[in-house]
Each structure stands twice: as C-alpha cells, then as structure tokens.
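Per TrEMBL, Mg(2+) binding site is recorded for Ser87, Glu176, His204. The ATP binding site annotation in TrEMBL covers Arg319, Asp341.
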Amino acid sequence: MGFTYEEAVEKLNSLQSGHVLLEKLRKAGSFDQSKKQDSLTRMKKFLDRIGYIPKDFDKLNLIHVTGTKGKGSTSALTHIKTGLFTSPHLVAVRERIRINGKPISEELFAKYFQEVWDRLEATKEETLFTDIPRDKKQEAIQLLRLHPDKPAYFRYLTLVALHAFVQEKVDCAILEVGVGGENDSTNIIERPVVCGITALGLDHISVLGDTIDKIAWHKAGIFKPNVPAVYFEQLPEATKVITQRAQEKNVSLTALYASQISDLDHIEIGLAGKHQRYNALIAIELCKIWLKSVRNIEFKQAVPEEFIKGLRKVSWPGRSQQLNMSETKYDSESNVIWYLDGAHTIESLQVCTDWFQQVIRQEEECHNILVFNCTHGRDGDRLLETISKIQPFVHFEDVVFTTNITFKKGYAMDNANNNVSKEELTVVQKALTNSWSSQNSDFPKNHIHTVGSIEEAVEFVLSQSKQSKKTIQVLTTGSLIMVGNTLTVLGFEPQ
C-alpha cells in the first residue's frame, strides 16, 4: 500500500535525529572512528542501494549552484521548465523539489519518497550487519526501527529529488547545495553542464570554517574537471581560493562584477533588492552557458530578450516579501502589513534592513514591530547589531523574540525540528533579549517580548492591531525556517 503524504513526511522527520542514532550505534559497537568514511563515499553507497550510480545523472544536464546569499533566488531565475532542488522549504517540504517551477504534488512526493524508502528497506539488514558485530544482533534489530541504515534528512531528500528528476525525464535539473559544497550530498554528481557560486558570507561557520577563504574552499568544491563555472566577485582572499581550485581542475572560470549591474538598468526584476540583480547576472550567465552547451544556442547580447520575461515574472516567497493581511486567513485585520525576509547572515541582513527602510511608510501613524529568531549556532549578537543600526530610523516600538516552533502545541508537520531541544531554544531567546537590551539601552524593557511559538508572535501582532488604528508594519527576519512557519500560521501557502 502506498504512503500518504503525511506518512512520508513523518518518516522523513524521523531521519532528523542523526546525532542520537549515531551515539546509540557507537555504543552498539557500530562505528570505528579511525575507519570513518567520508560523506560522499557514504552517499555513493546510498545511491547504489536505490539502483543508481552518479553517472546516471549526467543525462539530467545539471546546473549546480552554491553560495550563501541568494542561492534560492539564483535557482529560481534559472529554472526553464526543468527540475529544481532547493533548501530549505518555507511551508511544505515538497517545495524543495519542483518540476517546471512548481512544487511536486503531495501524491508525487509520497510516490518517489516511498520508492527510495522501499529500496533502502530491501537492503537495510545486510547494510547494518556489515557495521555491527553479529554478537550485537539484538541491539541492531532494535536500532533497525530507528532507521540508522538510512541517510539523514537532507541527504534523503537529495536522493528523492534525483530519483524524481530521472523518473520525470527533465531536460535540465538545477541542484542547490545544502551546506558548503565539497562534502555536500548534492556533490555526488560527476558531470554537470555548468557550476555557479553566488556571493559568499560567513554561513554555517561551525561546519565550514570561520574565515571567508575556508568557506570559499568548500564552495569551490563543486567544481568538476573541465566543466565551466561562474562566480560573482568576492573578497580578494576568497577569489584567490576560488581561482586556485578552478586551475587545479582545469575549469573555465567566468567572473562577474558588481559594475555589470548596469546591464540590468532598464530591466524589471521580480525580486526586490540590489543583491537580486547580482544574482540575476549569475543566472543569466549560467543559462547562456547551458544553452550553448546543450542546445547549441548562443547569445551575443548581455541580457537576451528571451530572458527578460522570466526575470520579470520570477518570485520567491520568504525573500523580500511584502504580505498584506488580505492574503492570509486573518484578512479582517487590514491594518497589518508583514515584511518577511529569511536573511540569516550579516550580509543578507544588511540587504534586508536596507530593503525594509526603502519600502515601509515612514510616518507617525505607523507602529513598527520586529519579530526575530536565529537558529542555534549562529552569531545572534552580530545579527542583531545589523538591525540595531536602523533602530534610530525605523523606531521599532516592540521587539518579539520567538522560537522556530510553529504552534503552541508544537511544530507543523512539514517543519518539525527534532535536532534542537526546547532548552536550547530558550537559551537562544534569553541571549537575544540581553543583546537587544545592551545594544539599545534606552529601549523600554516592557516592549521586549519572548514567546514560545510563532503562533504566539502572530497573536501578539494581532493584539496590537486591535488596540491601535495605526498601520502595523512587521519585519519578520533572522531565519528562513521562522519565516516559513510564520506563513504557515498566517495560512499562506507559496506556489
């Protein structure tokens, strides 16, 4: 019997608790750290178990994209009736896998999810017993129920996406890197048509390193021998690493520069912000290289006429998104406007705050509220400093620090997070509260609020709207997951 969508998502969420399972496996005698396999070797084994080898994906005519700011935006601009794999999702996990720009249906997601699951199930015992001694058999059988034989959440979705794109016979598949590049599960592919690196920032520092050159090294790890690549101008230390890694693999490297934004002076871009114009430059170049290589179509002009309509129509919810309450289930609260941006690095928050200042109404008849969250492990102090800099100009009257938990009763199914405890979330909130108070010493403490869920943050905003005739302008930022959960609470589903 086939999985329902809900069953598929429940099983997917069960793959989040990787750190717990690994500890149990070690106690069962499973892993010798001295023989630890690298991540891509393990990924190849998962591919083999579901019936693929990396070369099978060459026919997808792949575009591989990495970078911190604008990864999703670049991918959105580039999709030309193709398959698209992005992360994270906002409201529904199926948003991560798109055919012709639209999220696959619940039925298709469940179908392809189950096909991968069943193939892994068929080989799980022989796989597990190669790592666990036979005298630990009973413990191993118990562990089988917790799926230690399967890849973690993002890797599993990578398998589902690649499987779906093969089954759907897409002409071009665009893969967006999850974290880094060098060791990312999407880097299992061997022969993309072209690779792209957007602007870099200090993202995922606990995994990739704390300097821009270390991060550049990981990002440039997607380069493949003799495969062309495009990158946006970086800081000198990052450029040095990128060009060096390109030379090592004989990569034909195209650099794009901020000065080239003038090519887009009279062209409308569907996504707000100067940074999206930089991303558009990358997307245009990726498309040009892809079309020349795969379809033998060559363009001479900087921005081909055929691309202009796509640039104008592109949209990506959760990035520089303005949402009126009439578009939500709370349409009676007409005096509230939401400004949502999933910015989660210092650089992207600077872009976000610039955008917010440009688009809001600057007048006394407005009540501005900040709803903020940052995921555990990010530098909350420095992120808040970026927002504090605009406080003298936008005058937030209330600041709400929320967890990423969707509802009072818990997470929405598609956005459940089993990897972080409630205690950790509380610690983050307290730290953010202290940071805001120290950075804005004259800000009234009774206007700083901490809530346990995004539903409560929305309720706070609605309570303010009922007490005031002013226009309530709400900046919601710091975490794309939080932005997605906010859209869930508001009843808005991205297409």
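Glycine too: its Cβ is placed from the backbone N, Cα and C atoms.
All annotation found in TrEMBL is predicted automatically rather than curated by experts.
Since the structure is predicted, the reported quantities are computational estimates derived from the model, not experimental observations.
For the binding-site residues shown (Arg319, Asp341), fewest C-beta neighbours within 10 angstroms: Asp341. Its Cβ placed at the centre, Glu176 (Mg(2+) binding site) has 24 other Cβ atoms within 10 Å. Residue pair Asp341 (ATP binding site) / Ser87 (Mg(2+) binding site) shows a Cα separation of 15 Å. Sequence-distant contacts of Ser87 (Mg(2+) binding site), defined as residues of its own chain at least six apart whose C-beta falls under 8 angstroms from its C-beta, comprise Arg96, Phe154, Leu157, Glu176, Gly178.
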